[in-house]
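Participant: Below you'll find the structure I mean.
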Amino acid sequence: MALTDFLAASDITSAINACRANDSFSPKKFFAMVGLSKKSPPEIEKIFMILDQDKSGYIEQDELQLFLQNFSKGARPLTAAETRAFLLAGDKDGDGKIGWDEFSNLVMSS
């Protein structure tokens, strides 16, 4: 299963290009640009499972730092500030990671 099974490659390219510069990444803007915010909950869950690289049921800080590379291998890693901001935006229960429900809420609010 690949992200392009759910999202248009051209939308992914546009979204990656829009946040090329360090400290320009916004999760909500990115989700909207790639079309993720228009997907159904089952589709969002499948995308979450792809992004959860270690299959722990959570997207942890190290996975967030490499978030863009899930969409494009040549994409830059998120900066420490972007990673922290992403985690703060999604981690509603304060456990230091983003679970499926938190990810879904963040995407749906985009």
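Glycine residues also receive a Cβ, built from the backbone N, Cα and C atoms like all the rest.
Look at TrEMBL and you will find 39-74, 78-110 tagged as domain 'EF-hand'. Look at TrEMBL and you will find Asp52, Asp54, Ser56, Tyr58, Glu63 tagged as Ca(2+) 1 binding site. For Asp91, Asp93, Asp95, Lys97, Glu102, the entry in TrEMBL reads Ca(2+) 2 binding site.
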Participant: In the same chain, who gets a Cβ under 8 Å from the domain 'EF-hand' (78-110) while lying at least 6 residues past its ends?
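Facilitator: Distal contacts: 22-23, 25, 27-29, 31-32, 36-37, 39, 41, 44-45, 48, 51, 56-61, 64-68.
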Participant: Within 10 Å of Lys97 (Ca(2+) 2 binding site) (Cα to Cα), which of the binding-site residues Asp52, Asp54, Tyr58 do you find?
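Facilitator: So the list reads Tyr58.
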Participant: In the domain 'EF-hand' (39-74), how many residues does DSSP put in helix, strand and coil?
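Facilitator: Split into helix, strand and coil, the domain 'EF-hand' (39-74) gives 21 helix, 3 strand, 12 coil.
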Participant: What same-chain residues lie close to the domain 'EF-hand' (39-74): Cβ under 8 Å, and 6 or more beyond its ends?
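Facilitator: Same-chain contacts beyond the flanks: 1-3, 5-7, 12-13, 15-16, 19, 25, 80, 83, 86-87, 90, 96-100, 103-104, 107-108.
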Participant: Have a look at the binding-site residues Asp52, Ser56, Tyr58, Glu63 and say which one has the shortest Cα distance to Asp91 (Ca(2+) 2 binding site).
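Facilitator: Checked the binding-site residues Asp52, Ser56, Tyr58, Glu63; minimum Cα distance to Asp91 (Ca(2+) 2 binding site) goes to Tyr58.
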Participant: Measuring Cα to Cα, how far is Asp93 (Ca(2+) 2 binding site) from Glu63 (Ca(2+) 1 binding site) in Å?
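Facilitator: A Cα-Cα distance of 18 Å.
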Participant: Which entry in the list of binding-site residues, Asp52, Asp91, Asp95, has its Cβ near the fewest other Cβ atoms, using 10 Å as the limit?
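Facilitator: It is Asp95 that, of the binding-site residues Asp52, Asp91, Asp95, has the fewest other Cβ atoms within 10 Å.
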